[in-house]
Structure formats: structure tokens, C-alpha cells
Amino acid sequence: MTGFVDGLRDRLRRLFQRHGSVDLKPFRRIVATAGGDADAVAGWSDTRLTEAADGLRTAVREAVEQQEAGRAKGGKKRKGATHPEFTDAQASEFCAIGREAADRALGLRPFDVQLVGTLALLSGHVVEMSTGEGKTLAGALAAAGYALQGRRVHVLSVNDYLARRDAEWMAPACRLLGVTVGWVNEGSTPEERRAAYEADITYAAVSELGFDVLRDRLCTEADDVVVRAPDVVIVDEADSVLVDEAKVPLVLAGARGAGVADQEMTKVVRRLRLGRHYEVDQDERNVFLTDAGTAEVERALGGVDLYSEEHVGSTLTRVNIALHAHALLHRDVDYIVRDGRVQLINASRGRVALLQRWPDGLQAAVEAKEGLAVSESGDVLDEITVQALISRYPTLCGMTGTAMPAAEQLYEFYRASIAVIPPNEPCIRVDRPDQLFQTRQAKESAIVAEISARHAEGRPVLVGTQDVAESERLAALLAEAEVPCVVLNAKNDAEEAAIIADAGAHERVTVSTQMAGRGTDIKLGGRDGEGRDRIVELGGLCVVGTARHPSRRLDQQLRGRAGRQGDPGDSVFFASAEDDLIGQHAPEAAERLASDEDGRLTGRDAQQVFDHAQRVAEGVGLEIHRNTWRYTSLVSHQRGLVSERRDELLRTDLASQQAAERHPERHADLVEEIGEDAVEHAARLIALYHLDDRWADHLAYLADLRESIHLRSLARENPLDEFHRAAIPAFREILTEAADKAAETFETATITSDGVDLDAEGLRRPSATWTYLINDNPFGSEADRAMRGVRAMIGGSTTKSPRRKKQATD
Ligand code: ADP
């Protein structure tokens, strides 16, 4: 009977769920049969458990070998790679021994729903499980399952702290299953990294993995490479990483000397006033000089014409960079100044990311604006976006509390479907209706009143703000109201985990910048859960949002912090017509809203305005993602081809062969003189140097190309076509040019038994390299440009475009 009810429920769920969610029935069936094995497995010794896991490993391997032999015999070559999988019986056995291993090694006995999640991960899905449902364990068991199938697994977390915590926490269970675990942190040495990547399962932050992949691109010895070929990736907080951060480029740069601050420009733009000299577009992504501003800058620079051939590429770019730093990047919102350095705040997570910096010009401009010493600048040697990094893996799966709202993107960009796993205990959290106000001030008074009231009851309150400045403003207001609070923001991220762990304690008020990706669980009663019963009686954790986010998904992430594992709790969002969301996405509608004497919005359509603005914001976000990907997928394809060639040069004698073809006599003489190996080594170094050099040049060319297309944006040409038209032929030259240059160097360079002296040839490899990630494209994405184009066409704009100026002077 329950089977029938379950079946009906599944069918109904499928009917009502949006497209993309997968049927859990097969997984449920497997987990149910695993229950039957549980008693037997419970009596086994640890050794027997490990042997059983090993038996699974062998069985899968033998099946694969048989399949391959069969295929070879049939002479058939199947298209596309197929991956080993468990049969249903093997999957069921795996669930039984996995559950037992977790119970023994961690004291956590996985719930059925966690095992269903594990199986969904093993089928390559993104799994939606609410906060507190135990995704870490479900993910670790999936990683172990893949490892037993003979695969190499990378588990990606959002930061170093979680990578290490999860690896150390889960390792004992994996060990019982005969599976090794490693982790990588920012401080890991190359040896530690290599060892970690050798393990069956490697935990790492997305950025750390990306930087390792980039650094590997510079190795000149095959043994120095640390990351092994991509195989399976399990992405934690999958929507944050795969959607919100997808377009973030990770960059490897090489030092050439200290950067130069544009003091002159910094001074010039400091005098400019918003509205008079420049305007900022609605969503604060672009800044434009007005005619008056252009005139002012031209005057300040001694009467130049900014839009003349001479200045349009150089001076105008410098003005734009300085103006961008001056007008769009706000201290404590976009960056903080700590230890005399500018540190970027990660927009989607409200935390400082180490090693992050903007592209050089902009970094130096912000440093100049803050009167700080300018850090070193360098050339971009290689770069890769998070999306391209993850798209390298033949198998992708992941887990998050909020997958369904990102279903469209996950399918469009990664072909991933979602498995929605029901909670172990039904969720009883109450999501209260939004509290809407006319002004920000009225909203903030109401927020303080709400927090004070809950605090007076003794309930813990978690407040999610939009940025660091807002957190501090709210903390000050709370102090006035004599409500003590703990502020968690980018300035004290070191204590982050501990603060969150205690956010469920009696009377505790925690104010935090965006909670997405702050992967720590909030237990009622505090981290030891001692005062739990009392908090449950009081009604559990109360979550307060100070504004609706630019997507429903982010709202849900915040709400999901309350009501974990069937706990009581509630959530409420406050919003005002002065919020950025409305200002940027529904400014006209806001004018129609009416309010009462408390500033509370009264009209029935007020809620619709906010919902509409959020949907527009989601649409803009998706469009930006799509457009960025259209550009970066071409670059990422080209990068793949160069990497392949590089790998061949690194691991084979290709370089030496090529040298022998071009200069047979020189090659033969050298072999006789210093031996085959030494020649091979020298030829390899030469070839790698030129390939890397050409690739860095190509990246610079592509950046310029985008910039120049950007400046010509009103020329009405399809910028993407234009980009492709130039980028594809430019790339075609690279491999041949690099080979030609290598041949030249092989002929002329001094090559002795000590190797080749590249420095003497002026072919110096970068002395120091560093890595960083860029949060957002500071020069505006294609979508911004398209929107700006539309605005300009409508005619509301007073900007002076190069095009207009050109027409005027023609
Ligand atoms: P999520 O990432 O899904 O929010 P975590 O993986 O951080 O959740 O786990 C949340 C909490 O639940 C942790 O404290 C963990 O110890 C606990 N937990 C996970 N699985 C189980 C289980 N099967 N039984 C009891 N507690 C569990």
C-alpha cells in the first residue's frame, strides 16, 4: 500500500514540478533493498566491510574490462565515452556498506533520503536538499561510490575552510570503504597538492583548483604538474558556483615590475560630479561622461580631444578606468581597505576573497583613489572561467539547497537535471508575507522593531543584509535600540564559521551579509545544542531579510537557514521602494505606490511590483550569463586546443622531432655533442616558451579586441560575430607561429649540456606569478552594452559616444 501511495506521490510530484526534476523512484527502490542487507552488514568486522567495498571495486573493473574486450572483438567503436556504473544490486550493496561505514566511522547513520541523494549524485544529477539535511555526508558517499567505480573525484567547496573541514570530517568513513581522501588549501605546498590530487577523492575550493590548473599550464617538466586529468566533479553549493560565479575568470599573471598608478587621471576625475559631469546607468554597471564632463576632462588635460584617433584608444581608456574606480566602486560595498591593501568583496557572498584583484589598470586606479601604494602589475599568462573549468569534467554532479530555481541555467549551461530530495523531517518553517515600505528609513525602523521584539522573546534572530555598509548601519541602529548583535561580514571572515555555528543560541542576534555559500549549519541552542529545547519552545530561529535579492533563489537560501531538520522557525523579508532592486528594475512602477502614515505600502499591487522587479533582475542575470558564455566558450575552446598541444610537448619528444625536421643538421650535431636527452629537453623548453608566449599575446589581443568592439558598440554590428570573425583566424596562426619561432630559437640559441640559455636570448619566463579572480567584468558585459544601446536609441541618454563625436567631426 505504501508503495502505491509513494508511487502516486511521485507521479503527482512529477506532474507539478517544473521541468528538469528527475524521478526518484528507482533510487528509492535501491535504498529500500539496501535496508534488507543492513542486519547482515552490521555484524561484519571493519576489515570485512573494507573487503566488501573492495569486492565492489573489482566487480566494476571486471565488468568494464569485459565490456571493452567485447567491443574490441566486435570491432565496434562506440561514439562518446561511457562510464562504469553500478548495477542495481551493486548500488544496493554499496548503500548498505556505505551506511554502515558512516555510522561506525562518523557516528552518523545516513537517513534513507541521504542515500537517495547519494544515488542521484552517482547518476550525475544536481541534488536539491535543504539546509541541514546532511549534504556533506550524501556527497562524500557519492564520491566514495565513484571512487569504487574506478573514477577520480574532485569535490569542490566554496572556500578553503569547508574543503578542509569536509575532507577531514568525511575521511574516516571513506577510509573504511578503502577510499583515500586528500584536500588542498591556499597554504598547501606543491608536494602537498600533488599528494592530495593523487588521492581517490580530493576536496578543494573552486578557486584553489582553478589556480592549480592554471599554474600547471606553466610547468616545463611533466613531473611538476599537480592536477590530474579531470574525471568526476561534485560541486557543493552547486547553484552558487555553477550559476552565480560561472562567469568569474580565474587569472594567472606574471610579474614584470611595479604597477603604475594613474595619479593624473585620479586627480582629474576626483573633481567630476555625478549628474553634471557623468552619469551612472540604472544598475550601476556603467558610467558615462556627459558632454560637460568630456569638456571638463579635455580642459583639465590641457585641451586634448578625447575622441580623436590619438586619444580614443589610450587616454579615453585611462579616463574610463579612473572614472570607474571613482564612481562605481564603493569602499565597504565593493572592496575594503585592510592592512594598507585593497581587498575585493565577493558580491554574491559578501566576503573577502584572498588574492582577488581587478584587472591591473582598475586595481591601480582604486589604489590611487585610496592613496595606497600600488601593487605589482603583470601580464595575463592564462585565464579560465569557473564555467570553463567545470565544463572540462566528463561527469558533473552537485548539491545545493536551492537547485530548482536555477534549473533553467543548470540545464542550459551544463545539461544537468535536478533531483529534488524530500526532507527527512517535513519542514514546518513559516515564511511570513513581505513587509513593504515606501522609504528605506521606514523599512529600517520596522526591521529594528521586528528584531527587538523577537530578541525580547529570547529567540535567536539571523539578519541577512545586502552589503557590508548596510550591516554596519543596521548594527548601529540596533545598538541605539539596545539590542546587542554580532556582525558577520567580509571584515571578519576568519571567525565566520564559529559565529554562524552559534547563531541559533538564546537571544542571539546575528547580522550577516549574504548568507549564500556560508556553508555552516545553524543548530538551535548554539553549536553544542544545549539550550535546544528552550529555543524550540520559543519558536526556533527567526530569519529576517533586509531586502529582496535579485533572485528568488537567494531569498530562499536565506530563508532555508531556519527550520532545518523539522525545527520550528520563521522567515520574513522587508523591502522598500527605495531598494536597489526597484530602482534598477522597476523604477516607473515605484512611483505609483501608495503608503500609510507609517510609510507602509498599502496598495494591493505593491507585492506584484516587487515580484516583477525580481523577475526582471533574474532575466537580466540570465542574459548576462548567456552573453558572457558566448564569448568565453570560444576562448575556452581555444584554450583547450593549446593545452592539448602543450601537454604533448611536455610529455613526448614532439619538440625534438619538430626541431629535427626543421634543422636536421643542427639537431644531429647537437645530439652527437650533448646527447639525445639533453637535446630533447632543450627543444621542449624552447617550444613551451614560445607556445606560452603566443598564448599570452593572444589573450591580450582578445582583451583588446573586446575592448575595441565595446567602444564601437553603437556601430550596430553584431559584436559577437565581429569578435568571432577576428578571434578565430588570429588563433589559427598561434600553433604555427609558435613552432616557427621555436625553430628559429633552436637554430640560434646556445645549447650545451647545461641546457639552453633562454635568458640570454631575451626569452625570459616570468620571474613571479600570481593568481586572482575577477568578480565581474568591470568594463561592462555585452548585456550591459546592449541595454545601454537600447537606452541610447530611445534617446534619453546624454552620453557622448565615440560614434557620435566621429559623425560630428566628419
Ligand atoms: P547541509 O550541508 O545539508 O546543510 P551538513 O552536511 O552541514 O548539512 O550537515 C548538517 C548537520 O546534520 C551536521 O551537524 C551533521 O552532523 C548532521 N547530520 C548529517 N547527517 C546526519 C545523520 N544521518 N544523522 C544525524 N545527523 C546527521
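Every residue gets a Cβ built from N, Cα and C, even glycine.
The shown structure was predicted, so the numbers you read here are calculated from the model rather than taken from an experiment.
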For the ATP site that TrEMBL assigns to G132, E133, G134, K135, T136, D521, which of the candidates Q114, Q149 is also assigned? Q114
If you average the pLDDT over the domain 'SecA family profile' (9-602), what number do you get? 86
Proximal but sequence-remote residues of the same chain as T136 (ATP binding site) (Cβ under 8 Å, at least 6 apart): D166, W169, M170, D236
For Q114 (ATP binding site), the number of neighbouring Cβ atoms whose distance to its own Cβ is within 10 Å equals 28
Within its own chain, what residues at least 6 apart in sequence put their Cβ under 8 Å from the Cβ of G134 (ATP binding site), listed in sequence order? L108, P110, F111, Q114
Protein Cβ atoms within 10 Å of D521 (ATP binding site), excluding its own: 18
Give me the sequence-ordered set of same-chain residues, not including Q114, G132, E133, G134, K135, T136, D521, with a C-beta within 8 angstroms of the centroid of the ATP site's C-beta atoms. M129, T131, L137, A138
The number of other Cβ atoms within 10 Å of the Cβ of E133 (ATP binding site), counted over all protein chains shown, is 27
